[in-house]
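Taken from Swiss-Prot as is:
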type	residues	note
DOMAIN	2-117	domain 'MTTase N-terminal'
BINDING	Cys11, Cys47, Cys80	[4Fe-4S] cluster 1 binding site
DOMAIN	143-374	domain 'Radical SAM core'
BINDING	Cys157, Cys161, Cys164	[4Fe-4S] cluster 2 binding site
DOMAIN	377-441	domain 'TRAM'
Amino acid sequence: MQGLYIKSYGCQMNVYDSLIIENIIKPLGFSIVNELSEADIVILNTCHIREKAAEKLYSELGRIRKIQETKNLTIVVAGCVAQAEGTEIFTRAPFVDIVVGPQSIHTLPELIVKARKIKKQIINIDFPVISKFDAIAVEEYTKNQKVSAFISVQEGCNKFCSFCVVPYTRGEEYSRTVEAIFKEALILADSGIKEITLIGQNVNAYHGTYKGNEWDLGRLIQHIAKISSIERIYYTTSHPRDMHESLYEAHGIEKKLIPFIHLPVQSGSNKILRKMNRKHTAEEYINIIKTLRKHRSDIAYSSDFIVGFPGETDEDFENTIRLIEEVKFSQAYSFKYSPRPGTPSAEYTSQIPDEIKSQRLTKLQELVHKQQLEFNKKMIGETHPVLFYKKGKFDNQIIGKTPYMQSCYINTENPDLYYNKIVPIKITDAHKNHLTGIIPHTLPV
């Protein structure tokens, strides 16, 4: 068997794509290796969202090149940097053998065989008419998922936010059929999966078909919830413009849908939201939060924030701070704005000095971290169901997730007893990024 090394960067969709890549290449005579030195093929599944993504890729390729000089090594660049950079990758790294975009990964077995045979560089960054989901048997991308599994229900984005590369690297919105998604969920359930995460670049824009009728995400969630052995359902990432009534209702009706939503707002300033082309206002976002709370009062919120967007004034930034104070997030991801080549905002004037970006980021993160700790501390003394999915770094430690997406650590004499199980845990302590707890004495083993 030859060695296959895959490194995945960025979002959950890339993790999902890497699983597909692994399972369609293994039949060529490969097995997964964890060390570059053991690899015969290296695949870098890249992300293009953040600053200097391409430079990080070339730096990584430089390290891999040193290994290639000592052995016959096929190097593949996949993912969104591959889509964005295209043949520029061959120019800057002529030792790369294959460049393949995220919508063409299903062609990788053919590309690998061909590249090794003809000894020439090959590129495929098309947006094919036949999607990767239609080209690959569903059984091939459900393998190797353990406790919690991803199902891609939607890809691409039609929103064209002025800072974002996704519409250019992932293409327009595409939704899989209900039948295909449900079949995948059934296979995962039969393999012992307890939690399913429905993923998409703009997942709540889902509009798949079932027997000729269009379904939205709320209806899809309630359909998947009928699978008895699936105990938790989560979806990410959402856009405020695509929140809809049946999704609100699903949060109120479907107990398997966890009380947590990641709903990026990016800014609390309407001026900046317009410049970002977000197509919603801060007030509309707040109303979405209020509507969700009417349907389920204990729901927790996560968001993304960009500070230092071109033209952002102190007042604009303070509007973001006020929004955070009003919503009270349990988690948030925040970043300094960085121009992405090819996006409209990269050409905007009034770029913000990095020093100011850093100051604003620090202030925002201090507030978010304070809210996160306060949210976690409210759990102390309460008992919550925790899904345990991996061992901790210490002996007898096991790590799980609460329904609010908090990591929870417990110590037990037999961690294996609780793996892939949902167990009531009494929370004894809280930190910014995790909880600790104990198994109540009344719980039968």
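Every residue, even glycine, has its Cβ placed from backbone N, Cα and C.
Annotated features taken from Swiss-Prot, shown on the structure.
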residue	record	DSSP (3 states)
Cys11	[4Fe-4S] cluster 1 binding site	coil
Cys47	[4Fe-4S] cluster 1 binding site	coil
Cys80	[4Fe-4S] cluster 1 binding site	helix
Cys157	[4Fe-4S] cluster 2 binding site	coil
Cys164	[4Fe-4S] cluster 2 binding site	coil
Check your understanding: Whole-number Å distance between the CA of Cys11 ([4Fe-4S] cluster 1 binding site) and the CA of Cys157 ([4Fe-4S] cluster 2 binding site)?
Key -> 15
**Study point:** Segment confidence, the domain 'Radical SAM core' (143-374), expressed as mean pLDDT
**Key:** 96
Point to revise | Cys157, Cys161, Cys164 filtered to the binding-site residues whose C-alpha is within 10 Å of Cys47 ([4Fe-4S] cluster 1 binding site) | key: none
**Study point:** Pairwise CA distance, Cys157 ([4Fe-4S] cluster 2 binding site) versus Cys80 ([4Fe-4S] cluster 1 binding site), rounded so that it is a whole Å
**Key:** 14
Exercise for review: Pop the Cα-Cα gap between Cys164 ([4Fe-4S] cluster 2 binding site) and Cys80 ([4Fe-4S] cluster 1 binding site) into the table, whole Å please.
Suggested key: 12
Point to revise | Residues close to [4Fe-4S] cluster 2 site centre defined by Cys157, Cys161, Cys164, Cβ within 8 Å | key: Lys159, Phe160, Phe163, Val165, Val166, Pro167, Gln201, Asn202
Practice item. Enumerate the residues of the same chain, Cys11, Cys47, Cys80 excluded, that satisfy the criterion Cβ within 8 A of the mean position of the Cβ atoms of the recorded [4Fe-4S] cluster 1 site; list them in sequence order. Key: Tyr9, Gly10, Met13, Asn14, Thr46, His48, Ile49, Ala53, Gly79, Thr169
**Study point:** Lowest local Cβ density among Cys80, Cys161, which the record lists as binding-site residues, within 10 Å
**Key:** Cys161
Review point. Reported in the order helix, strand, coil, what are the DSSP residue counts of the domain 'MTTase N-terminal' (2-117)?
Key: 63 helix, 25 strand, 28 coil
